[in-house]
Amino acid sequence: MPLENASKAILWRGKAARLPLALRYALRDLIGDPRGFGVFVACIAIGVAAISGVEGLSFSLAQGLAHEGRALLGGDVSIALAHRDFSDEQRAYFSARGHVDEIALMRGMARLDNGDPQKETPPPALVEIKAVDAAIYPPFGALETEPGMTAAAALSKEGDNFGLVADSLLMARLDAKVGDRLTIGGARFAIRAVMRAEPDKLSGGLGYGSRVLISHEALLATGLVRPGTIIRYLARLTLPGAPSDEDATRFVEAANKAFPQAGWDVRKRDAVSPQFSKNLERFTQLLTLVALTALVAGGAGVANAVQGLVQRKRQAFAVLKALGAPASRVFAIALWQVLTMATLAIVIGLAVGAVMPFAAGEALRRALELPIAIGVDYRGLAIGAFYGLLVALVFALPPLGRAHDVPVAALLRDDRDGDVSKAPLRYRLAAFVALAALGAVVFVTAADKTLAAAFVASVLGAFLLLRGVAWLVILAAKRLPRARDARLRLAQGNIARPGSLAPTLIVSVGVTVTLMVALALVEGAIHAELERSGTGAVPDFYFIDVPKEEAGAFSAFIEEQAPGSHVEHVPMMRGRIVAVKGARAETLHPGEDAAWVLEGDRGITFSAEPAEGARIIEGQWWPKDTQEKLVSMEERVAKGLGLSIGDDISVNVLGREVTAKLVNLRKVEWRSFGINFVMVFSPATFVGAPHSELFTARYPAGADSKSFDARIARESAKRYPIVAAVRVKEALEAVDKIATQLALAARAAAAIAILTAVLALGSAVAASERARIHDSVVLKTLGATRLWLVTSNAMEFLCLALAASLFALAAGAGAAYAIVEFLMKMRFVFLPGAIALTTLAALAATLLLGLAGVWRALSRKPGPELRSL
């Protein structure tokens, strides 16, 4: 036994000793001949840089939100109420536990008042009014204005005019300048400054409309605050000393116990805007997955580079085997070379990714107007490094393994097509393990596990299908009758030959066109959805906060200003879901379709009859004269909350908790942009409750919408100054602008994937150069011209690109359909023009890149090449 153990120890030491020797040989060989790794390094470095850069920018923004939580929130805790102000008892409770700063948020219409009623002025603009305590605002951070002044100076009253600070968007819309006069409601204002930075921008949420800053006194003078008006009051509490996040949590728990029926929305400094943080997390994951697609798309370039290494070093490997080196050592030498270059590529990518937040952080801060704490995201760098290493192994192991079991005689043979044998099973299994590890890392690090799983399945399926398409193209080239045209016959032979470009070119072009088609169709669907505002299918105007006692008069006003318009109006209130089937809302874990309804207040209404076009899919509508407290809910939301017919749901409205029984479920078409509510209650539920009316107006077909828009906006601001008029087209244009910006970021990430696919295509063409030189020399000797050879190669590239594009069109359209219909819940639109343009661009690019890659081979003169044979 001791002798046997000693033998094993000696054997183990012998195996371990091989690694340093293989490494030394690999490094010496790389230093002497580093050719062939340019595309390899570029593909991995670009992918790693994109992944780590996206993660780093997201990390910097998240850290900025976390570090500046107090300034963004305006305190340690923010408590919000809808429709009603805080009671004296609540204020006393807050004041006893810290410093309190109160603000109020609501919408209104701002009209430029130049003192001359005969002079034409721009139409009134919708504004987001923020009323503050000018003496102490902002409690944290700094209000940046132009010209620079304090809130107290900017918002003070001088004569009949209150002070106002407007954002640059309002100044542009009204063509106003500092010193101009505005009218909001029944109060007059002087624009004292333009807002450049608002420290607590996220405290009240990001709404539609320009921001104006006024004092609490000015808000009361406008006359906009009435019973039923949609207004939010926020109390921001700063705890004494140096409170921790746990202190803020304890205060919230105590306040909820002291006022269990308050129905307020509470936020803490460590979660200033949960919805914004969630959206940031999702968008970051989406861009990271697109960047990972770029890395995987470059995998073909990695495989080509490694295959080129094996072919280029085959004589050196043969010599090593002839001298007695085992196949495992030959493999180890090649593997160390690949790992060394992969490490270099990863280091380059990580360096670029780490610098990216420092280079682009300031631009991102200006674009978002949010704080950014620029730093190094070590987690993001680690994720990028893991992805880079695993992708390198997945695509490098099979070609490396082909040299392992090949006899010396085969390695020494001059085979211009290269070794096309399959890698030994052990190396294919190792590549599969690396692939499984890559999928596991994607899934574990993902915030949205469903999206991650769908991504892994989609990418794997796409690559397998593309390889299947390549196999079918090669099979067709072999089985189809030979073409009569000699150029096409040569192209057909090149596709069918061993070492064909088909697998690499079809994968590269297929991935590129799939991404391009999917992005074009998704973006097109978004724009098409938004453009429906001009077709008459959606309302032209929304009117908010119409007093219920003036509903009839307001309907007549719309008919007067826009004759023939279709007008609808419903009661509107704000309420917060506080319990579902007796369980408090904060203890629930709803599905993705319902989580959003628990985040803050929701618009609610009541009606004796179902709305026009309402689709009740389960249950029955209540009788008109019912005295029961009943509710109808949107189907997906109800199911996401686990509700079924007969269950109870409780909402807090105006500080009163009301429980109603669910009696029916509705299918709501949110894409109609009409009046839709998640919850519609029976009239008996809110008898006597103060509320306002929500109006919509849709112009008749063929109406002069521009004339109607200007007239309604101007006259409603004069005759109904407390009513906020929202022009749907402007709102959709704002959404379209955001969608365009997001699409631009997605296109930038996709461009990286396209770049790596192009590099992979170039590496494949370069790898076939030796065989093409041989063919061109022989054909030129037989009388072929360069134009004849170029035409033949062009036919080959076009055939392969066309096959890849046909598959990619179907795959891209399918992916876009799934994203638009199931993820975005929008209507899919097929755009043949965009698809045709994408296909033509792909064919042209493939042709140009392919011919550029083989031009040198086709330009060789026969004489020197024949002498070297």
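Yeah, the Cβs are placed from backbone N, Cα and C, and that goes for glycine too.
Summarising the annotation, TrEMBL assigns transmembrane segment to 286-310 (among others).
The domain 'ABC3 transporter permease C-terminal' feature in TrEMBL is assigned to 290-401 (among others).
Residues or ranges marked as transmembrane segment in TrEMBL: 330-358 (among others). Long-range contacts of the transmembrane segment (330-358) within its own chain (CB-CB distance under 8 A, at least 6 residues past either end) are made by residues 18-19, 22-23, 25-27, 29-30, 37, 40-53, 55-57, 59-60, 306, 309-310, 313, 317, 320-321, 372, 374-377, 380-381, 384-385, 388-389, 392, 396, 400-401, 403-404.
Taken from TrEMBL, the feature transmembrane segment covers 378-397 (among others).
Residues or ranges marked as transmembrane segment in TrEMBL: 429-447 (among others).
Here TrEMBL flags 453-477 (among others) as transmembrane segment. Panel annotation: around the transmembrane segment (453-477), residues 289, 292-293, 296, 435, 439, 442-443, 492-493, 495-496, 500, 502-503, 506-507, 510-511, 514, 799-800, 803-804, 807, 811, 815 of the same chain, lying at least six beyond its termini, place a Cβ under 8 Å from a Cβ of the stretch.
Residues annotated as transmembrane segment in TrEMBL: 498-522 (among others). Listed as Cβ neighbours of the transmembrane segment (498-522) (distance under 8 Å, sequence separation of 6 or more from its ends, same chain) are residues 290, 293, 297, 300, 303-304, 417-418, 420, 462-463, 466-467, 469-470, 473-474, 743, 746-747, 750, 753-754, 757-758, 760-761, 763-765, 768, 771, 796-797, 800-801, 803-805, 807-809, 811-813, 815-817, 819-820, 824, 828-831, 834-835, 838-839, 841-842, 846, 850.
Counting same-chain residues at least six beyond the ends of the transmembrane segment (744-766), those with a Cβ under 8 angstroms from any Cβ of the stretch are 39-40, 42-43, 46-47, 50, 54, 283, 286-287, 290-291, 293-295, 297-302, 304-305, 308, 501, 504-505, 507-509, 511-512, 515-516, 519, 845-846, 849-850, 853-854. Summarising the annotation, TrEMBL assigns transmembrane segment to 744-766 (among others).
Marked as domain 'ABC3 transporter permease C-terminal' by TrEMBL: 749-862 (among others).
Under the heading transmembrane segment, TrEMBL lists 787-820 (among others).
Annotated transmembrane segment per TrEMBL: 832-858 (among others), in sequence order. Among residues of the same chain six or more beyond the transmembrane segment (832-858), those with a C-beta under 8 A of the stretch's C-beta atoms are 505, 509, 512-513, 516-517, 520-521, 524, 758, 761-762, 765-766, 768-769, 772-773, 776, 786, 789-790, 793-794, 796-798, 800-802, 804-805, 808-809, 813.
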Given the transmembrane segment (787-820), its same-chain partners at Cβ distance under 8 Å and 6+ residues beyond its ends are 458, 462, 465-466, 469, 473, 486-488, 490-491, 494-495, 501-502, 505-518, 520-522, 525, 772, 776, 779-780, 826-828, 830, 835, 839, 842-843, 846-847, 850-851, 854, 858
Other same-chain positions with a Cβ less than 8 Å from the transmembrane segment (378-397) and lying at least 6 residues past its termini are 44, 47-49, 51-52, 54-56, 58-59, 288, 292, 295-296, 298-300, 302-303, 306, 335, 338-339, 342, 345-346, 349-350, 353-354, 423, 427-428, 430-431, 434-435, 437-438, 441, 445
Quick one: mean pLDDT on the domain 'ABC3 transporter permease C-terminal' (749-862)? 82
